[in-house]
């Protein structure tokens, strides 16, 4: 017997359509017919029987429920409501992509700028593109290229007791070891494999790593699935992320963080010593080989840049919207440096007379708090590591390191370094990991909601009977997400920037402390310390000084600083002296010369200047010739613009 056909009217923004269907049609098949009738490219819509009560009259997609059971009869009108933010037509998607590309400023391909980070205290991640990357388009760091061309074998000397062969022979007791040899690493007390040793382990064997491919963890629903309505209306095995079991990472991307000399850290800690407040900064340096670990990589730190921040004795609030950071990165690039990590203090004095601090972090409490782990993962996602074994994105993990200045077991100030695992980076990238309120050592993995699907995340630990059990990561001990990175200074100090004894360094940026503020007076005081015999390249070889002169307002130098940076990077004294003779720097020298007080004329002079001083007659009120501000003092500089009195 042929089943009677009924007519259903479909009302959408595109108009009215009619379809013929039997009453036994499932609601899922009804969604398919609607998609076919209107030419939609996805299931980004819902069906309703009553437009005035959309929530109560929704027709849910089901393979077991029919339209007859839903109460739909011949001639009924069904309303099609699109889901906000979901594209129903291919041309709409292209138009939105073009609009987003023209209207969003500073975003890169693959940026998470779709509003999903509204519940996060961190801004959008400028992640690299997720499109497939060809092997030729991936540009690895210089240290990675150098290490990939080495064999990495650990040489061994002939054993006089065990070897029974000639000088040119080899046996199992003297043959070179692979860089990932467990016995050697344990003997040398190396806790983690270097990243390139890990790659050699993956690409070893008979297949030579033919099928080895590195992929970062993703716990978000795969995009582009058209077999069902979007979450929370539907999900399938194709787009559903798998459950995650957290493992301790056996390798690390950076094996050591080395500060070139102790003065870098002392200059950073001077803020805490003078104010008692905590401080953070970004580490600028370069990556190089670390010979203490097979195929190891070391981050060599040359300077610390301190962004704008609100400091207190128990915490830091810093802003990532720094207007100077673009110029800072340009200066670092011109000097052959890059951002290799970040550093922050966690110091509370214990006995001021002895100079001791409290021992806060350790096995008895925590090594890094959950909030610090999330912030570190955010930075590592922002600075990904180029890798040719990651064909999808061209990036895998990160070399970005975290350094904490805190108290050790002897209550002395010391530094410890960490990285968070690649699994932690994936959880933070997909907004699945949260800090807890009362326990800093515990994180919490979100539960699924209508806005976001979160798969189950597990970790393994031993119970009181010594058995290994699997637990749900709610809450999650963040120690599973940490990788130790040693921090050190060399026996013989190294200097990228000049350090001269008897000279007060230029103030560090963004420090609102008396005597440490960067302004024109600080510039003049710094330059006046040098005599005419001091080479110019030694005067300007200071990272904080270069940042200030490139961003100062009273003389625009940012467009002319490139040749100076090249001279400093190459140690070219003659090229630095040529730049010194330029008109733009001559303007700065004349302003500094005019700002010197008469009492300082016999003791200081601007390098390269004639030493002539401008005598200023005290007046009650004088007008600045630069900004026309009326000053009520007899000073040598304007209170408003800080430029010298003319």
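Residue numbering: from 1, along the chain as shown.
Every residue, even glycine, has its Cβ placed from backbone N, Cα and C.
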Candidate ranges 17-55, 56-94, 95-133 [criterion: TrEMBL lists as region 'Disordered']: 95-133
Composition by DSSP (helix, strand, coil) of residues within the domain 'MPN' (257-395): 37 helix, 48 strand, 54 coil
Mean per-residue pLDDT computed across the domain 'MPN' (257-395): 92
